[in-house]
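Comments concern the structure below.
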Amino acid sequence: MFINRWFYSTNHKDIGTLYLLFGAWAGMVGTALSLLIRAELGQPGSLLGDDQIYNVVVTAHAFVMIFFMVMPIMIGGFGNWLVPLMIGAPDMAFPRMNNMSFWLLPPSFLLLLASSMVEAGAGTGWTVYPPLAGNLAHAGASVDLTIFSLHLAGVSSILGAINFITTVINMKPPAMSQYQTPLFVWSVMITAVLLLLSLPVLAAGITMLLTDRNLNTTFFDPAGGGDPILYQHLFWFFGHPEVYILILPGFGMISHIVTYYSGKKEPFGYMGMVWAMMSIGFLGFIVWAHHMFTVGMDVDTRAYFTSATMIIAIPTGVKVFSWLATLHGGNIKWSPAMLWALGFIFLFTVGGLTGIVLANSSLDIVLHDTYYVVAHFHYVLSMGAVFAIMGGFVHWFPLFSGYTLDNTWAKIHFSIMFVGVNMTFFPQHFLGLSGMPRRYSDYPDAYTMWNTVSSIGSFISLTAVMLMIFMIWEAFASKREVLMVELTPTNLEWLHGCPPPYHTFEEPAYVKV
């Protein structure tokens, strides 16, 4: 029964597949929006109308990519598929809640799209700062619809987080300790804890904004004793952990991919990797105000947030060097997934380096809200999170589908994407250092060259996305079945064959420690 299987599903594999399909679809929408942005900025002068329309596109691009592409694919897709298989659990702890978590996302997405359709759209940027997001500068229902959309996506993530935490803690075989679970399982659990602690703060902030807009409260209005800076604190207390939520599952996937294709039976420094992720998770909560260096904070406050932010580089460095140590002395197989992982390690490190630059409050005063910041977070997202997703996808595709991708196409796809994203985002560092501000649809002629280069790069990335669609079609059309998977004793998820049966681990697994 199609309806029973796909709409009322309680199977972690089916729900994971739904998440992957939804995320892929949302990714197409987000990519289309990003190309609209780059088309507008390809040359000076106006292309798509006024700055309001431009900012609606920018805002939608951010929300779609974060809440409907990266999070559903990484946590919902890979998390649902792999976590139960990796710990030998029959399913997630709360299978029906798992289904609800997924089905909250399409309505949420619908509300976000609706916000662009009514009035002038929500041209607030993804941060939704008042007073721009207030009912004076944004009259009409657009921002309210965006807020409701975020509420639904937030509830979905909170329920998913509860589910993953419960599953990882309670559904392991009796003999398996927490320190014997694979790193991807750890990364998803830590991500879930971050979601559980940060999302309620966002919910509070946007609910206060909702009442400010509609019920005459003045939480963020100085005229009634409120303060717009309060909103920024609430938002970024969520917003900073959020960026670690987006990258941590990627860390977990990269650990698995690097270990597997180095022919190793375990990653280098397992405990160090776990503690590094826990440290990143903890530190992620105490650095939020580095997004607010320009609002006039006390010098001591700025000194603290600068130092605390730089300390995050230490556990991150532990992870990077542990990946390199895992590669060391290995029998390296240059598969497409390994190329994505190596690309991730290099480009994520470059993104982290520009992050260290921006952590300096004095430098950030100059660079805040310029394209330098855009370049920084797109290096860690577009070449961190997305490369991890791509690597994870080509690595686990045979597990999900039972078919193999064409190796040559996959390598060509990687090469095109690698050139495209670097050509898009590297020039943005130069634009930022020259003072080009973010969120403007037009710019002085002096910035033309690097903007043109950046826009050409974005179209190269588009061809890579189209090639990936072809590649997936080719795999399903050719139906090359999986012959053999190596290293299954240390990669539990492959144990049941490709694809695994509908129900796995129906009896508790016997784990010999």
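Here the Cβ of each residue, glycine as well, is placed from N, Cα and C on the backbone.
Just one of S434, S441, S454 is listed by Swiss-Prot for the same Na(+) site as E40, G45, and that one is S441. Cross-referencing H240, H256, H328 against the Cu cation binding annotation in Swiss-Prot, which names H290, H291, picks out H240. Membrane topology as recorded by Swiss-Prot puts M176 and P444 on two different faces.
Residue counts for the topological domain 'Mitochondrial matrix' (171-182) under DSSP (helix as H, G, I; strand as E, B; rest coil) come to 3 helix, 0 strand, 9 coil. Of all the binding-site residues in the list H240, Y244, H368, the shortest Cα-Cα distance to G45 (Na(+) binding site) is found for H368. Helix, strand and coil counts from DSSP across the topological domain 'Mitochondrial matrix' (479-513) read 6 helix, 1 strand, 28 coil.
Neighbour counts of Cβ atoms within 10 Å were taken for the binding-site residues E40, D369; the minimum is at D369. H290 (Cu cation binding site) and H368 (Mg(2+) binding site) have their C-alpha atoms 10 Å apart, to the nearest angstrom.
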